[in-house]
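S.K.: Look at TrEMBL and you will find 308-318 tagged as compositional bias 'Pro residues'. If you look up TrEMBL, you'll see 3-136, 151-282 marked as domain 'EamA'. Positions annotated as region 'Disordered' by TrEMBL: 291-341. As annotated by TrEMBL, transmembrane segment applies to 33-55, 67-85, 91-110, 122-142, 148-167, 179-198, 210-229, 241-258, 264-282.
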Amino acid sequence: MNILLSLAFVLCWSSGFIGAKLGAGSASAPTILMWRFLPLAVVLVVVAVLTRSAWRGLTTRDLTRQAMIGVLSQSGYLLSVYYAIQLGVSSGTTALIDGVQPLVAGALAGPLLGQYVSGRQWIGLGLGLSGVAVVTLADAAAGGDVAWWAYAVPLLGMLSLVAATFLESRSRSRVTPSVSLTVHCATSAVLFSVLALGTGAAAPPGRWDFWVAVAWLVGLSTFGGYGLYWLILKRAGVTKVNTLMFLMAPVTAVWGALMFGEPFGAQTALGLTVCLAAVIIVHRGGGRRDTTLTAARAEPGETGGPGRPGPPDLPPMSGPEASRVRPPALRWLSVTPMPGR
């Protein structure tokens with residue numbers, strides 16, 4: 001049963017990138033994202049009204065901070081991912097660029113937050129970026145007419161998520177996962193609706209494949225991904241979930257190759273292996289000092305938020321969504337993502 005749950009979780013979380021690819025041929029990114037988030041926000045707001053206890057004690061400042069985090073970790077991040085896929089960047093490459101976010105955040109924690117950064121973390125970051133470069137070059141070589149700057153688009157999204165990570169790390173308020181998810185999704189629904197209306201792209205196309213993509217993203221990526229995340233977290237703990245996150249980029253790359261004929265050759269496999277090795281190096285190098293640092297920063301927050309005790313936060317986008325691997329030493333540096341972005 002645990003194996004089946006793990007398999008279902010990996011597939012549902014990876015499905016966000018595939019769903020973005022499904023919708024890319026039927027509508028623009030703002031249109032898809034608007035119709036993905038509108039029904040989701042309505043459901044979450046209704047749930048929030050019925051369970052108001054989680055919102056007690058929250059100030060306007062708390063909600064504003066969560067809205068800002070949502071703008072960075074969902075709106076900006078997802079828009080860049082969907083746009084990159086529409087430009088022709090493969091779903092696997094997009095997922096891989098998304099997946100190095102914890103390595104980047106962990107390395108930047110030293111100069112920006114004054115936290116201890118081990119040599120293993122710097123080695124992991126270097127290997128991770130090298131792996132991304134290998135896969136990106138392979139994708140660009142096989143991508144034909146994809147513009148070179150298109151590969152910078154998911155990179156900007158990943159940096160947006162890193163910025164959200166550091167913003168969340170400065171929060172001291174107690175915010176439950178349900179509250180943060182509701183605020184993030186409601187904020188994204190408003191922003192994507194404004195963007196779609198402003199560009200004249202709010203009307204959904206009269207195509208069945210568009211609604212298949214929306215249903216895929218809401219059902220599989222959001223409810224399936226998040227539901228299974230919390231179920232496995234409750235049954236097996238955060239280490240199990242983080243280990244499964246290692247599989248997201250490879251699974252997305254293979255899925256994209258099988259479903260859309262995206263390139264997956266020896267160079268792509270090599271790059272994915274290098275990135276996986278980078279994450280394992282950082283993950284296994286946590287050690288006593290990293291554990292102490294994580295415990296010292298513990299405070300409740302967003303979905304377990306940066307450095308927070310109790311239930312850990314949703315693994316980051318990545319994504320959407322995403323796709324976020326958090327070694328123990330970096331776990332406090334994560335924010336709430338959307339699966340498959």
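Our numbering is plain: 1 for the first residue shown, then up by one each step along the chain.
Every residue gets a Cβ built from N, Cα and C, even glycine.
I'd like to know what surrounds each of these features in this structure.
M.R.: Across the domain 'EamA' (3-136), the prediction's mean pLDDT works out to 86.
Outside the transmembrane segment (33-55), and at least 6 residues removed from its termini, the chain residues within Cβ reach (under 8 Å) are 78-79, 82, 176, 178-179, 181-182, 185-186, 188-189, 192-193, 195-196, 202, 204, 210, 214, 217-218, 222.
Non-local neighbours of the transmembrane segment (122-142) in the same chain are 89-90, 92-93, 96-97, 100, 103-104, 106-107, 148, 151, 253, 263, 265, 267-268, 270-279, 281-282, 285; each lies 6+ residues outside the stretch with a CB under 8 Å from one of its CB atoms.
Using a Cβ-Cβ cut-off under 8 Å and counting only residues 6 or more beyond its ends in the same chain, the transmembrane segment (179-198) has close neighbours at 28, 30-31, 33-34, 36-38, 40-41, 44-45, 47-48, 54-55, 58, 63, 66-67, 69-71, 73-75, 78-79, 226, 302-303, 305, 314, 336.
Tertiary neighbourhood of the transmembrane segment (264-282): same-chain residues 92, 96, 99-100, 102-103, 106, 120-121, 123-128, 130-139, 142, 246, 249-250, 253-254, 256-257, 325, 327, 329-330, selected by CB-CB distance under 8 Å and a gap of 6+ residues from either end.
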S.K.: For a three-state summary based on DSSP, what are the helix, strand and coil counts in the domain 'EamA' (3-136)?
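M.R.: Split by secondary structure, the domain 'EamA' (3-136) comes out as 116 helix, 0 strand, 18 coil.
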